[in-house]
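Residues or ranges marked as transmembrane segment by TrEMBL: 24-45, 57-76, 96-118, 138-160, 201-223, 235-257. Per TrEMBL, domain 'G-protein coupled receptors family 1 profile' is recorded for 39-247.
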Amino acid sequence: MLLNNNVTEFILLGLTQDPAKKKIIFVLFLLFYLGTLVGNLLIIITIKTSQTLGSPMYFFLFYLSLSDTCFSTSIAPRMIVDALLKNNTISFNECIFQVFSFHFFGCLEIFILILMAADRYVAICKPLHYTTIMSRRVCSILVTVAWVGSCVHSSVQIILALSLPFCGPNVIDHYFCDLQPLLKLACADTYVINLLLVSNSGAICTVSFVMLMFSYVIILHSLRNHSAEGRRKALSTCISHLIQVVFGTTVVISFLVKKNSAKRQHAAKSRKVLLKVKGQSFHKVKESFNTLAKNSSGQLRREISVSCVPNGFSFVDLFLT
């Protein structure tokens with residue numbers, strides 16, 4: 001498939017060519033990325049080192065934070081560095097790897113959210129059988145299935161993209177390598193391939209969203225028989241998950257919808273990067289901290305504040321404000 005490919009590298013135009021604006025982009029997204037990275041790493045370290053967070057919910061939360069860290073890292077670091085460079089080029093192989101990692105970890109996040117919804121369903125609707133159904137072995141198998149499913153999804157996307165010849169031009173009007181900008185550079189009719197690519201991502205997004213909404217409807221319906229305190233605690237966790245699902249779905253839809261004019265494409269490109277780097281990842285970290293704080297003891301909260309940050313400053317309090 002690559003024998004007919006004459007392109008060895010691509011040129012990324014980024015969000016803007018204005019040097020002053022590029023400096024602003026560098027500062028803003030460096031702060032957003034560092035905040036997301038520190039928050040997710042703090043969650044990962046806390047879950048791994050704490051003996052009180054061994055339930056399936058925190059098992060899935062660990063992998064959600066891990067996938068979110070990798071998802072952000074697949075895009076943000078290069079975009080931040082490119083904001084300081086005059087000519088932004090990326091090799092063909094690196095571009096394909098970026099597409100694969102972006103779709104892989106994005107899809108993995110969606111699957112982990114589904115597993116978290118299933119965990120909450122079993123915990124609320126079948127509490128007497130919870131430890132039996134959601135054993136560590138079952139949770140490990142479910143996470144493995146999520147990883148395999150994400151790999152299959154990403155591999156299909158890459159195989160379809162590589163089936164097209166690229167003979168020039170090589171300028172991508174985007175801030176990273178994505179399938180839609182790549183298809184515009186292909187030297188062939190991309191209608192069928194584009195339809196398959198959109199159907200692949202769209203089907204996963206739609207089916208996942210419907211499954212999540214259906215599970216939460218059942219959960220909310222079953223809460224009628226619980227105490228006021230039980231309803232409050234369950235709702236606080238479910239609402240955090242729902243917000244993450246809405247943000248994730250918004251990002252996917254924003255990437256699938258086509259824009260016609262150049263002005264609308266530029267505006268859409270700006271919204272996408274804000275949703276991805278700031279909206280989705282940063283908000284997911286905050287909601288993950290909410291889940292930790294609402295379902296763990298005050299002693300754990302103090303341990304995080306003292307052990308991770310000197311002088312009593314708490315990143316937990318920072319993300320919860």
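In case you wondered, yes, glycine gets a Cβ from its N, Cα and C as well.
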Interface-richest range of 24-45, 57-76, 96-118, 138-160 toward the transmembrane segment (201-223), CB pairs under 8 Å: 96-118
What residues in the same chain, six or more past the boundaries of the transmembrane segment (138-160), come closer than 8 Å to it by Cβ-Cβ distance? 56, 59-60, 63, 96, 99-101, 103-105, 107-108, 111-112, 114-115, 118-119, 179, 193, 196-197, 200-201, 204
Averaged over the whole of the domain 'G-protein coupled receptors family 1 profile' (39-247), what is the pLDDT? 85
